[in-house]
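Participant: This is the structure I have questions about; it appears just below.
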């Protein structure tokens, strides 16, 4: 029997006997998931996973091996669950396991594929669209936490969000659907709350998956929208009245949603920037994701630590409308203040007042630099934040009371004006150059790395979801490209993530080759439907993305991205060729995709080879230039350092003082130029050759670390030579 890994253990609150009893009573649960002592555990692929609803798989790595290394209590819940699972496996015969679908046998296996046909599962809600002829428009538009978010398009061109759990968790989606049904029945639908239709079976890669379907909100998340709105205000595109009036409009809309939920006795528990989407067409904010909802007075299933109200800690008061009001205000504070620039500051900590020093520091040009979460004076805005986030739950206003606060009552603008400003922000002149404005953080790369390791573990147990891993890899290539451009992630982490991606491609190729010997086994053959769906939902989006990449002008900094894209195309070809050899006639559609992949690979190879040859040529030129500087570099560097350390600096003065200052500077410049006079022509010729090369090399990160070091050395030498060449023009 394979060992069982424990992740996310916790102090004991249940006996071994009760754990056995719990499993025996609930062995028919469809997911291998347990709820013990208010904590949820997920069991899949021979692992017992403590379900952490805030960060999903990124936190599952906590506690791995602690049980078996003796570092945790022998009587902890996780150990009890492990003993229970071992006992269950020993006491359940192989024959019985094979006869029990979705029961104990699935506690030790991979997520089974549903046998239900495509379409609605059960009765959808009133007004649900017809799913006959639906297709996958976008696979994994988002992949956050425990869910895949894909886009399904009906034959009438209506776009629906399909929320698919990464592991066996039908119960979670069903519970979320039931919450929406209860709200619709009790309080009615709300224009600023997600519009859900029901559970359905949808295509996903080469599988069929059960998903919660809802209307797509085409737009941006809260942080992106308000960041762009703030930029428009700073650039003078809108005035202060329009900016703050729009903020107040958003606050009123979100508080109207929390009031609506309260009428149904439901608490959201996870309102945050990522769960508020602004509709591009209407400008309206829409609250999404009731996955962590609870009834009023109950302990929440989970929360996001940096936004939650203080009363939601373990063992404290239950969730309420007032805790949702807290979430709305901490969300607004996060977006207004720009807390993403400093992840050490949490929005639920509120504003910090500073009176002993300026609330804003100045940059080198004398302009104020905003410090997130810092306030220097009291205003209606700061009082609003403090009156919500700085008081206990008993003293905190509910939704309607919060809407009457002076900050939200004064200085408002009419709704149509606010919505027009938001629509312009999302679609008009105020839009940023790219709609993908969310920065890639170190935490995001760690989460993606954990997801890749999960796929690698599945490959080791011969349970790899080929469509899922290739779709995730396509998403990760985009994320890594963006992280390299932004420069906000340590280069060692980027290098490690890049290595993990390339390793995953090698594992996929080995996995496919290892399965080739099984192609005569009918159980491993892929149906024409699944092959076609794989091409449409996995291959097609990758081809379109890479083709756009190929149409762009590239620099040396793009070599790493092109290498990864080339590997992605190679792997797609390997997988598709293998699928084409599994006994089924090769369709014209398959031939078409194979030809397109091959053509894209050839074009990409040509561009990559050209760039690599140009880079090798640049390296040779760089080496020659650095060697040329050897005759003057040390003397020039020392002369310039002496000039900088001895020249008089005058910030202000009369015309007479300014003239004296200029005479002194000219004297110092003459001395410095005399020291390097024999190298003047060499330095001038050096800069003529080095500046075009530096432009070609750029400033971005490059795969060749030695080349980066040499580039920066050339940049320093060019700066020295340029400054010395300018001294005569500037001062003499």
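Keep in mind that glycine also has a Cβ here, set from the backbone N, Cα and C atoms.
Per Swiss-Prot, the features are:
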ACT_SITE  270  active site, proton acceptor
BINDING   142, 143, 144, 145, 146, 147, 148, 149, 150, 163  ATP binding site
DOMAIN    136-408  domain 'Protein kinase'
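How buried are these features, and what lies next to them?
Facilitator: In the three-state DSSP scheme, residue 270 (active site, proton acceptor) falls into the coil class.
The DSSP secondary structure for residue 150 (ATP binding site) is strand.
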Participant: In angstrom units, rounded to an integer, how far apart are the Cα atoms of residue 150 (ATP binding site) and residue 270 (active site, proton acceptor)?
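Facilitator: A Cα-Cα distance of 21 Å.
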Participant: Could you measure between residue 270 (active site, proton acceptor) and residue 148 (ATP binding site) for me? Cα positions, answer in whole angstrom.
Facilitator: 18
Participant: Other than its own, how many Cβ atoms are within 10 Å of the Cβ belonging to residue 270 (active site, proton acceptor)?
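Facilitator: Taking every protein chain into account, the count is 25.
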